[in-house]
Amino acid sequence: SCNCVCGVCCSCSP
């Protein structure tokens, strides 16, 4: 599994 990392496992808004 992978933790929520912006651009890796999920998308994050700036």
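Using the three backbone atoms N, Cα and C, a Cβ is placed for every residue, glycine included.
According to Swiss-Prot, the N4-methylasparagine annotation covers Asn3. Positions annotated as cyclo[(prolylserin)-O-yl] cysteinate by Swiss-Prot: Cys12. Among the features that Swiss-Prot reports, cysteine methyl ester is placed at Cys12, with the record citing experimental evidence. The proline amide annotation in Swiss-Prot covers Pro14.
A straight line from the CA of Cys12 (cyclo[(prolylserin)-O-yl] cysteinate) to the CA of Asn3 (N4-methylasparagine) spans 13 Å.
Following the DSSP three-state reduction, the secondary structure of Cys12 (cyclo[(prolylserin)-O-yl] cysteinate) is coil. Here Pro14 (proline amide) is positioned 18 angstrom away from Asn3 (N4-methylasparagine), judged by their C-alpha atoms. In the structure as shown, the Cβ atom of Cys12 (cyclo[(prolylserin)-O-yl] cysteinate) sits within 10 Å of 9 other Cβ atoms.
According to its DSSP assignment, the residue listed as 'N4-methylasparagine' is coil. Neighbour density at the Cβ, taken as the number of other Cβ atoms within 10 Å, is lowest among the modified residues Asn3, Pro14 for Pro14.
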